[in-house]
Each structure stands twice: as structure tokens, then as C-alpha cells.
Amino acid sequence: MGETNTVHSPLVTYASMLSLLCLCPPFVILLWYTMVHADGSISQTWDYLKHHGVQGFIEIWPRPTATAWKIIACYGAFEAALQLLLPGKRVEGPISPTGNRPVYKANGMAAYFVTLATHLGLWWFGIFNPTIVYDHLGEIFSALIFGSFIFCILLYIKGHLAPSSTDSGSSGNAIIDFYWGMELYPRIGKNFDIKVFTNCRFGMMSWAVLAVTYCIKQYEVNGTVADSMLVNTILMLVYVTKFFWWEAGYWNTMDIAHDRAGFYICWGCLVWVPSIYTSPGMYLVNHPVNLGTQLALFILVAGILCIYINYDCDRQRQEFRRTNGKCLVWGKAPSKIVASYTTTSGETKTSLLLTSGWWGLSRHFHYVPEISAAFFWTVPALFNHFLPYFYVVFLTILLLDRAKRDDDRCRSKYGKYWKLYCQKVSYRVIPGIY
């Protein structure tokens with residue numbers, strides 16, 4: 001059995017599974033309804049639900065329409081085709097617990113540019129108006145909620161009947177298997193990686209596509225784009241561009257190399273990313289704020305700086321690993337700990353743990369600029385309503401939990417060396433505080 005299935009106790013898994021299943025789908029719909037139809041005001045939605053009860057909630061839940069299914073199908077098929085057909089460098093992922101090494105085609109950046117150029121081109125030449133996506137957003141989210149659930153059931157069945165590699169298996173508990181996933185690297189055929197599709201090409205790509213869509217919608221409604229919307233869209237696009245620029249690095253992270261393809265990660269990327277991550281822009285469509293040039297530029301520069309630091313943290317660690325510690329970190333030879341560990345097959349291997357540069361500040365310092373960047377692309381909405389900030393709050397909780405899970409995993413992997421590392425780098429995320 002893979003290590004992923006033991007990251008949390010069964011009780012915690014059941015609790016998180018039930019909350020994901022029961023609370024997240026209605027939350028996605030309520031968030032959309034509040035942003036688009038209730039002026040972004042939680043109290044307005046609350047009053048509506050108080051007066052109309054469950055029946056009222058059922059009435060505001062949009063039914064998935066043929067238009068919504070068509071938009072999702074065209075988008076999904078387009079992204080799958082780009083993933084398969086665009087040329088890209090051959091990249092090897094990290095060696096898995098059972099000794100497999102996944103091979104990827106790194107064409108994310110090309111797919112990203114082709115997607116945005118196509119999206120803007122269709123609008124520019126009057127072939128397809130992206131505002132249709134905004135106008136049918138509720139139905140699209142509704143279709144994604146149900147469609148992704150079916151997709152996860154199919155993944156679960158595939159894990160039982162036709163696993164793609166030996167990095168799969170059952171924990172003996174159907175609920176845990178469905179939630180955390182059966183396979184680490186599920187594929188269709190030899191070349192189509194399902195997790196790259198759900199996490200990167202559908203989830204992250206939809207973030208950029210929707211950010212641009214909200215911008216176009218505001219332009220079509222008002223004949224102009226407010227500086228707040230521009231700052232929000234530019235920062236989100238810079239962040240997503242950074243993601244695709246570094247996509248091969250993402251394939252070494254916890255999401256891909258440790259978390260299996262189950263409901264937790266796949267439903268999250270297919271539904272939660274397009275709906276929640278884009279929500280500050282969704283709010284700004286109908287609430288244009290004029291920040292003024294000075295404030296807009298300040299927020300923009302601060303946001304770009306945070307995204308750059310986030311990128312530089314990852315780059316520093318990757319360079320350190322690639323050169324086996326024979327590189328410069330902030331102009332000096334890096335300080336490190338040489339840690340040995342035993343694999344599942346009983347081999348002893350060594351890893352280098354970086355303890356200087358960004359990684360000397362805290363064990364997961366890269367989460368600090370990531371949360372800060374999210375704050376900067378939300379702050380153009382100002383402070384009339386709390387809801388646009390939900391993503392920032394959610395991201396903070398998610399990353400603190402991930403930092404804890406990563407620490408626990410490393411503690412069991414490296415033992416005494418991890419203890420030594422924690423003595424040297426004593427803060428988990430925020431230097432001097434936590």
C-alpha cells in the first residue's frame with residue numbers, strides 16, 4: 001500500500017471526505033450565486049436562505065444545461081488534444097515508492113499560449129463570445145460538480161480493474177480508496193497522464209481562461225475595464241504563467257509525486273480551482289473599483305514581487321537538487337544536511353536537505369509569498385465584502401495543512417536527520433512566528 005493512504009487517520013479522512021462531498025458542492029453554487037446575483041454580500045444570501053429555506057436553495061441551484069456540457073466538452077477535448085499533440089521536451093518525474101519513474105512531455109507553456117491565443121482569437125473575430133461562459137457560469141459549475149464526481153468513480157474503477165503502474169493498490173477501505181485515490185500515476189494508453197490533465201491542463205488552465213473571460217465580460221458590459229480588474233487579471237495571469245513555465249517542477253511536488261489520483265485531488269482540480277480560485281475576478285465583474293494609477297501600480301508591483309519570490313524559492317531548491325548541492329545560493333555555497341533513508345524495497349539512499357537561502361528562513365517559506373500573492377490579486381476588490389477573500393483564507397488553511405503533512409512524511413522518511421534539519425531550520429512556514 002502506498003504512503004499516501006496513511007497521511008491522515010481514517011477518522012480524519014471520513015470527516016474531510018464527508019465535508020468535501022456535502023459542503024463543497026453547495027458552497028461552489030452559493031459562492032457563484034452570491035458573487036453574481038447577490039452583490040457579493042453574504043448577508044443578502046443568508047437572508048434569502050433564511051426566508052426560503054432548503055426549497056430556496058434548490059431553486060437557485062442551476063441545472064446543468066446542454067450549453068454548459070458543450071462548453072466543458074469542447075474545452076476538455078481541446079486541452080487533451082494539446083496535451084497529446086503539441087511537441088515538448090521529455091521530462092522524467094521522481095522515482096516512485098515502488099521504483100517507477102514516470103515520463104512526461106513538457107508542453108505546458110505551449111498549451112497555455114495556444115489556449116489563451118485561441119480564447120482571445122475566437123472573441124476578437126466574433127466566432128465565440130467568452131461572455132457566454134460567464135452567463136452560463138452557474139450551469140457550468142453545476143455540470144462540473146456532477147461530471148467530476150462521475151469521473152472520480154471511473155478513476156476508482158480503473159484503479160481496481162486496469163491500473164497503469166505498480167504504484168497503485170487498495171487500502172482495503174473503499175471510501176479511503178475513492179477519496180485518496182487508487183493510483184499514483186493513472187494514464188490512458190502510454191502517453192496521456194490523467195493527473196497532468198486534471199491538475200494542470202484542466203484546472204490551472206481554466207483559472208487563466210476564466211480570469212480573461214471575466215475581464216472581457218466587464219468590458220462588454222461597461223465598455224471599459226476598471227484598473228482593479230486589470231490588476232487582478234494581470235496578477236492571476238502572471239501566477240498561472242509562472243506555473244506553466246515551471247510545470248515540470250510541479251511534477252515533483254506533493255500533488256503529483258505523493259497524492260494519488262482520487263476524489264480529493266481530481267475533484268478539487270476540476271471543480272474547486274475554476275470556481276474558487278477565480279472568485280475575486282468573478283466578484284469584480286459587477287463591482288468595478290477605481291483604484292487610481294498609484295495604488296494600482298503599487299498592488300501590481302507587490303503582487304509580481306511575491307510571485308517572483310515564490311518562483312525563486314522553487315528554482316533555488318530545484319537547482320540545488322539538480323547540481324547535487326554544487327551551486328551557489330544567494331552567492332554562497334549552500335549549507336545542507338546529508339540525510340539517508342530506506343526505500344520500501346529496503347535500499348538505502350541519500351538525499352540532500354537545503355538549509356540556506358529561502359529554505360534557511362523556514363521549512364516551507366515558499367508558501368508565504370504564495371499566500372501574499374493571493375492577497376494582492378484580491379485586494380483590488382477592497383473591503384466592502386468578505387467573500388472575495390475566501391480564496392486567501394482557504395489557501396492559507398490548505399498550505400498550512402500541506403506543510404504539516406509534508407513535515408510528517410519527511411519525519412517518517414528521514415528520522416533523526418529530519419530532527420537535525422528541524423533544529424537548524426526551526427520554523428515551519430512563517431519565520432519567527434510559526
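Using N, Cα and C of the backbone, Cβ positions are placed for all residues, glycine too.
Here TrEMBL flags 12-33 (among others) as transmembrane segment.
Away from its own ends, the transmembrane segment (109-128) comes close to residues 78-79, 82-83, 86-88, 201, 205, 208-209, 212-213, 216, 240-241, 244-245, 247 of its chain (Cβ-Cβ under 8 Å, at least six residues beyond either end). Summarising the annotation, TrEMBL assigns transmembrane segment to 109-128 (among others).
If you look at the transmembrane segment (140-157), the same-chain residues 6 or more away from its ends with a CB under 8 A from one of its CBs are 25, 28-29, 32, 61-65, 68-69, 71-72, 133, 177-178, 181-183, 186, 194, 261-263, 266-267, 270-271, 274-275. Among the features that TrEMBL reports, transmembrane segment is placed at 140-157 (among others).
With a threshold of 8 Å between CB atoms, the same-chain residues lying at least 6 positions outside the transmembrane segment (196-216) that come near it are 75-76, 79-80, 82-83, 104, 108, 111-112, 115-116, 119-120, 123, 129-131, 133-134, 225, 229-230, 232-233, 236-237, 240-241, 243-244, 247, 250-251, 255-256, 261, 265-266, 268-270, 273-274, 277-278, 281-282, 284-285. Annotation source TrEMBL lists transmembrane segment at 196-216 (among others).
What TrEMBL records for 228-249 (among others) is transmembrane segment.
Through the fold, the transmembrane segment (261-279) approaches residues 16-17, 20-21, 24-25, 28, 31-32, 35, 141, 144-145, 147-149, 151-152, 155-156, 177-186, 194-195, 198-199, 202-204, 206-207, 210-211, 214, 236, 255, 387-388, 390-391, 394 of its own chain, all at least 6 residues removed from its boundaries and within a Cβ separation under 8 Å. If you look up TrEMBL, you'll see 261-279 (among others) marked as transmembrane segment.
Annotation comment: TrEMBL describes 291-311 (among others) as transmembrane segment. Here the transmembrane segment (291-311) has Cβ contacts under 8 Å with residues 227-228, 230-231, 234-235, 238-239, 242, 245-246, 358, 366, 369-370, 372-373, 376-377, 379-380 of the same chain, all six or more residues outside its ends.
Per TrEMBL, transmembrane segment is recorded for 373-400 (among others).
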